[in-house]
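Lifted from Swiss-Prot, the feature list:
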type: BINDING; residues: G457, Q458, S459, G460, A461, G462, K463, T464; note: ATP binding site
Amino acid sequence: MGAQSKYAQQLNNERSLAPFIPFRSQVGPTTVITRDGDFVRTWRIAGLAFETQDKEKLLIRKDQLNTLFRAIASNNVALWSHNVRRRTWDHLKSFFSNPFCDALDKKYYGSFSGYRMMSNELYLTVIYRPVPAKISRLFNVAVHRSHAEILQEQKLAIRKLDEIGNQIETSLRRYGGDDGRGIEVLSTYEDKHGALCSQQLEFYNFLLSGEWQKVRVPSCPLDEYLGTGWVYAGTETIEIRTASATRYARGIDFKDYANHTEPGILNGLMYSDYEYVITQSFSFMTKRDGKEFLTRQKQRLQNTEDGSASQIMEMDIAIDQLGRGDFVMGEYHYSLLVFAEDMETVRHNTSHAMNILQDNGFLATVIATATDAAFYAQLPCNWRYRPRVAGLTSLNFAGLSCFHNFRAGKRDGNPWGQALTLLKTPSGQPAYLNFHYSKGDEDNFDKKLLGNTRIIGQSGAGKTVLMNFCLAQAQKYLHNAPMGMCNVFFDKDQGAKGTILAIGGKYLAIRNGEPTGFNPFQMEPTAGNILFLEKLVQVLVSRDGQHVTTTDESRISHAIRTVMRMRPELRRLSTVLQNVTEGSDRQDRENSVAKRLAKWCFDDGTGKRGTFWWVLDCPQDQIDFNTHSNYGFDGTDFLDNADVRTPISMYLLHRMELAIDGRRFIYWMDEAWKWVDDEAFSEFANNKQLTIRKQNGLGVFATQMPSSLLNSKVASALVQQVATEIYLPNPKADYHEYTDGFKVTNEEFDIIRSMSEESRMFLVKQGHHSMICRLELNGFDDELAILSGSSDNNELLDQVIAEVGDDPSVWLPVFQERRKARIASSKSTGR
C-alpha cells in the first residue's frame, strides 16, 4: 500500500519521510527510476531575463513554450517545474596594493551585511511513464523475466526520455545568455575523493530538507537514503528540522485562477525578501480526455447557470482550438511553500505572498488540509499528494511556468578574472558587472575579447561616481597581471581628479597659458619616437595653414635627430629650434620653419617666450608610465583651444600608445564626444575601438549628452564596438536617440526614462540581454567626497596637497578633516 497523507496532525507529530519518497535508484548519469517504474530527469534553467524584455518578445516565448509542450505531449509524459527562491551570499575577493582602494572595497562589501541577497533558481523535471502493460511486466511479474530483458525495457525507456530531453534542450537553450547555454541537465559527478555524487539527488534532497548538500549515489534504495531532516506537519504550518537549523513553512494554492495567464503573471513573487519554493506539475491528457474535460466544463456552466453566454462561447472556442492542436490539456497543480525561521515571520511572509497572488487575479488560500501532502507533492512523481488538481491548457501552463528570471552577469572566467564588482538589484539577485562580454560558463581568462564600455547618464544621475568607483575597483586587475596594468583617464571638469590622486596616480590639469609638464623630446630616442617627433613638429609649423615643403621636412628631421643624440636634460623644443637652419634667401627666412616654430618655444631665439611655449616645451616631462600606472589628464581648457588641441592630443595619444604593450590597459574618456571632436583623438578612437582588444585593452566612454556622441565623427565605432552599455536614469531621454542611435529596446527605453534620478539605479546591457543594477553608497560620505569630483572638494584637495605633499596616506586624512570642519562651519553659519 502506498503512503497515505494524514490530515490535521499536530505540529510535533513526526512523519517518516521514506513512504513519501517515490524514487528507487539512479539508473544513469541523468536518470532516476521510481518505485512505480517512472523514469525521471531534471534540468536547471537559467531563465529568460524578463525584467527588461519587450512584452511582445515575452509573448513569443510563451507561444514557443506552448509549441514545445505540444510536441512532447503524451499521456506517458508529465512535467514538474520548480522556482526556488533562497538566500545567498557572495563577496568578490580582491587584492589592492593601494590603501584607498582596499579600504573602499572592504567598506563596500561590508555594506552588504544585512542585505537580502537572494537567488532564483528554475528547474524542470520530465517524467516518462512506460505504458501500463510494460509496467506490469517489468515490476509486478519481473521475477518471470530475465535480467537482460529488464535491462532492455529500461534501455528503451531511457532512450525515449533522451528523445524528449533533446527536444527540451533544443527549445530552452536560449533561456539564458547569448551563448545558448540556458539549460543544463542535472547529472552525476565525482567529488575530490572520487565518490560518485548526483546533482539530481541533491535537488530532490533540498526539496525535502531545505538545505543544499552533497549527496552520493547510494547502493541502497533512494527512499531509504534521501531526506536529511525531520518533518512535523500541523494544521497550517510545517516544521522542518535538520542538524543545522529549524525552519517553518506554510503552503498556498489556488482555489480559482485568473482570467488570463499572460507570461510572468507570477513574477511579483520574485522580488520578495523571503525564501519559497513554487511547485507546478502538468500531466498531459490525451486529446480525447482533454475534449471530454472541456465538454464537462461547458455542461457544468450550462446546467448550473453559473456561466454567462460569453463563458460558454469561450468553452466552445477552446474545444475547437484543442481540436486544431493549438494547445493540449493537462492535469495541473500549483503550490507555493513559504519559509521562515519562526512562526510569526512565516505567517507574515505567507500573507504577503497571498496579497501578490490575489492582486494578479488568483483566489489564493492557505493550505489547511493535507498540509504535509502539499509538501511531499514538491517531489516529482508524487501524483497522489497534489492539492487541488485542475484541468489546464498547455498555453496557460506556459504562462504560469514561463521560466522567467533575472540576468546576473558573469562572476568568474572573465578575460581578466573575476567580475569587476558586485552590484545590488531590485530583486536582491547578485549582479556581476564586467567590462568584457564573454559567454556563459566558458573560462575566457586571458582571452582577448571585446571590453569597450559606454556610459550614458545626465548630470546628477551618478555618472562620475560610477566611473570613479569602477576605476577604483579596476585596480584589482593589477594584481597577478604578468605585464602590469595601466589606466589613462581623459577627464572633463576634473571629475576624476580626487580618485586618480587617491589611488596613487598622477593628475595633470591642462590649463591654457600654464605649463603642461609635457616635453616630448625626453622620450627614448627610438626610431618610432623620432618619426613621431618629426610629425609633431610638422604639425606645429603648419597650424596656420602654412605648407611644409620637402626642404622643411629635411630641416626638421635633421634638427630633431641632432637633439635626440643629446643628454635627456638638454632635449626640448627650444633646443630643436636652435638646430633648425634658416633659409638661404629672404623669402625663406621670412617664412622659415624656425620662425613658425618659435612661437611654440620657451626661448624663441631672441630670449623671449613664444605664445605657446607652455604646451610642449617644459624642462621636465611629467609623463612616465613606469613610475605611475594611473594617469589623469583634464581637458576642460585645452579642448576648446583650437590652436593647441591637436598637438597636445597627439602627444598624449602617442604616449598612451607606447603603454599599450600587452599589459592590461584601460583608457577612460569622460564626455567622450568632446575628446573625439579633435582629429587626432577621432582617428585614435576609431581605430582603437576595433583593435585594442587584441592588445589586452579596452576603452570606457561616458557622456551626459547622447546627441553629441551620436553626432561625433566616430559615432559608429563608439556605438557599435562596445561590449557593455550602461544607461543611468534620464527622465528627459529622447526616444530616437536611445532606440535608433543606441539600439535599446522599447522596454529598456521606458526603464531608463522611468528610473528615479536619486535611485542610483542603472541599466547594464551586454549583447541582447540587460539587467537593472544599483550602486548603493549610503554612509560613504568620506569616499564620495573623493569619487564625486566636486569643484569645492577639488579646490580643498589642491590646498592640502600643496601643504603636505601628494602621498595619499598623508593628504587623505587631512583632506577629510578639513572637509568635515568646513561642513560644520557652514552649518553653524547657517544657523
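Every residue gets a Cβ built from N, Cα and C, even glycine.
Since this is a predicted model, take the numbers as computed values, not measurements.
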Spatial neighbours of T464 (ATP binding site) that are distant in sequence (at least 6 apart) but have CB under 8 A:
G495, A496, D670, L787, S788, G789
Cβ packing number for Q458 (ATP binding site), 10 Å threshold:
18
Fewest other C-beta atoms within 10 angstroms, as judged across G457, G460, which are the binding-site residues:
G460
What are the other residues, in sequence order, whose C-beta lies within 8 angstroms of the center of the C-beta atoms of G457, Q458, S459, G460, A461, G462, K463, T464 at the ATP site?
Q704, L728, E757
Can you tell me how many other Cβ atoms are located within 10 Å of the Cβ belonging to G462 (ATP binding site)?
24
Chain-internal residues, separated by at least six, CB under 8 A from K463 (ATP binding site):
I455, G457, A702, Q704, L728
In terms of DSSP three-state secondary structure, what is the assignment for K463 (ATP binding site)?
helix
If you count Cβ atoms within 10 Å of each one, which of the binding-site residues S459, A461 comes out on top?
A461
